[in-house]
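Chemist: Handing you this structure, nothing more for now.
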């Protein structure tokens, strides 16, 4: 990576500003999935082991008005992080002001402080999300000229807590997580060991147009599953029953199929039900067509076999988006089948591009079998699309 990393700077005795991604799910104030906190530990531990004073910034959820702050404090995260680090984490509970400044100035080498949810600054004019210049300068002033960005999950956004701070420090560098994310995903797409197979699922073609176009150029095969299958079907005149379809994207789907040179591989059957919820009948279709009054909610057994065959011998696989409504046991066979087909390939470099795919791998017990599971859904999608990420572009060149 042509950007400076946390290993390229002297941290001893320095107040080091760190953007992490602690946007974790909370239920009644309890963290239900701590993966993002765990993923940030190597960078935080390295900073404090080097004698730095780590000042952490993160958002949590969306905050637009005062009422939205309810249940969005990072206090539970501070407690969880303290337990994981085995040391106190200072949590002043504010995003600016004398209370924060005094707590930072009182830090000693090897200590950690967590600033309150950066999006609390969005209540008064979206200062965080709109990369307010004054806020970026203020947060940058709290440190000693070093900023570490380790939040891949927000690298596709230009916010005050990443791009804003970067613009106002002497050195803006990548943390270990950001470095790994970029290395795995960018290398997989730009310099893959071949055969390179991409698998794209999810419900909407509109979300993946740019990704499909980019991967059709880079990959040897692009397998399509999930709800967007039926937009591709309808574009070819195949009956789809009551399945999800984006009527305004039929021409786009047709165009992608025509210019794919056979690289785009669609399912050949579906698991259909007579309703999305409260269904009384679930069955496999004979072929591509979905029955009248039914909707496709997963790829079928013939498609699983076809995708298994398409993945045989693959050396690089990038997967983004489940094959069906995997949260429901009746419609998770396709996602499980594809996961198992990926991980059984000898010597394969297998990458999950965040979001629902990551949740599927974790929930269905396959996470440890993949080479890399991205922590950022939107950011990984934009990398797969070949876009430049603002949070990465803002870092200091080597």
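Placed from the backbone N, Cα and C atoms, the Cβ positions cover glycine too.
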Chemist: Besides 208, 296, 354, 355, 356, 357, which of 187, 190, 327 does Swiss-Prot list for that ATP site?
Modeler: 327
Chemist: Name the residue, out of 36, 96, that Swiss-Prot lists for the same substrate site as 21, 22, 23, 59, 60, 61, 62, 119, 157, please.
Modeler: 36
Chemist: Can you tell me whether DSSP puts residue 296 (ATP binding site) in helix, strand or coil?
Modeler: strand
Chemist: Between the binding-site residues 208, 296, 356, 357, which lies closest to residue 61 (substrate binding site), Cα to Cα?
Modeler: 356
Chemist: Over all pairs in 21, 22, 23, 36, 59, 60, 61, 62, 119, 157, the listed substrate binding residues, work out the largest Cα-Cα distance in Å.
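Modeler: With 21, 22, 23, 36, 59, 60, 61, 62, 119, 157 as the binding residues for substrate, the largest Cα distance is 18 Å.
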Chemist: If you skip the near sequence neighbours and keep only those at least six away, which residues in the chain come within under 8 angstroms of residue 357 (ATP binding site), Cβ to Cβ?
Modeler: 201, 319, 320, 321, 322
Chemist: Rank the binding-site residues 21, 327, 356 by the number of other Cβ atoms within 10 Å of each Cβ and report the first-ranked residue.
Modeler: 21
Chemist: Looking at Cβ-Cβ distances, which residues of the chain lie under 8 angstroms from residue 59 (substrate binding site) while being 6 or more apart from it?
Modeler: 23, 117, 118, 119, 128, 154, 159, 161
